[in-house]
Amino acid sequence: MTHDPVLCLASASPRRRDLLSSIGVTVEVRPVDIDETPRPSESAADYVVRLAREKALAGARLTRLPTLGSDTAVVRDGEILGKPASRDHAASMLGSLSGRGHEVLTGVAVSGPAGVLTACVTTRVFMRELTTAELAAYWVTGEPADKAGGYAIQGLAAVFVEHIEGSHSAVVGLPLFETADLLARQGVPLWHEA
Ligand SMILES: Cc1cn([C@H]2C[C@H](O)[C@@H](COP(=O)(O)OP(=O)(O)OP(=O)(O)O)O2)c(=O)[nH]c1=O
């Protein structure tokens, strides 16, 4: 059965659409293009919430529906890592996460009748030691290219992750528990209200 969209998703990320679908939220997809350059001395939490808000506001101009924007950043020792630009960049990025913990921050913003509501979720991810051969083989799979930090916990990189403290869905791109709260406060129906 198909449902009419109840939310505009201001994102090109198929992961975010799938996560929303998994909680019964059908979306109209409106990718937006914003400048993702961090500001000098901006904290990672301020950065992901600012980008989430900018994406939601840019998307809201294209629709009458409440609109969600989100941004995910991988942070090691306070440094935002971004997405890898090449094989060597991916290997050094993911290599720097080998055998230790790092943070994944996801900001989410929903614009609607209640204004713009935001949340930020921090998850700690612990990876086992990765070999040079594994880093090279992982790049060839194509998975790291469009992912913050150069890995996908929901994909092949699951075998690198010993454990996490926080929200698995937030690492994939959208913290579903917090998102459900924001959607409820904007009057967007969830699966039990459809
Ligand atoms: C760490 C990690 C990130 N990611 C993804 C989530 C995000 O899609 C991406 C981070 O980039 P984002 O800039 O947050 O999102 P995006 O460019 O994919 O989409 P848009 O800006 O249009 O919303 O990395 C995973 O899929 N798995 C992971 O384990």
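Just so it is clear, glycine is given a Cβ too, placed from its N, Cα and C backbone atoms.
Any TrEMBL annotation is an automated prediction that lacks curation.
The site 'Important for substrate specificity' annotation in TrEMBL covers Arg15, Thr72, Gln154. Annotation comment: TrEMBL describes Asp71 as active site, proton acceptor.
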Taking every protein chain shown into account, which of the recorded sites Thr72, Gln154 has the largest tally of Cβ atoms within 10 Å of its Cβ?
Thr72
Would you kindly give the Cα-Cα distance separating Arg15 (site 'Important for substrate specificity') and the residue listed as 'active site, proton acceptor', rounded to the nearest Å?
12
To the nearest whole angstrom, state the Cα distance for the pair Thr72 (site 'Important for substrate specificity') and Gln154 (site 'Important for substrate specificity').
14
Reduce the DSSP letter at Arg15 (site 'Important for substrate specificity') to three states and note it down.
helix
Distant-in-sequence Cβ neighbours of Arg15 (site 'Important for substrate specificity'), under 8 Å, six or more positions away:
Gln154, Val172, Gly173, Leu174
Is it possible to get the count of other C-beta atoms within 10 angstroms of the C-beta of Asp71 (active site, proton acceptor)?
25
State the three-class DSSP label for Gln154 (site 'Important for substrate specificity'), counting H, G and I as helix, E and B as strand, and everything else as coil.
coil
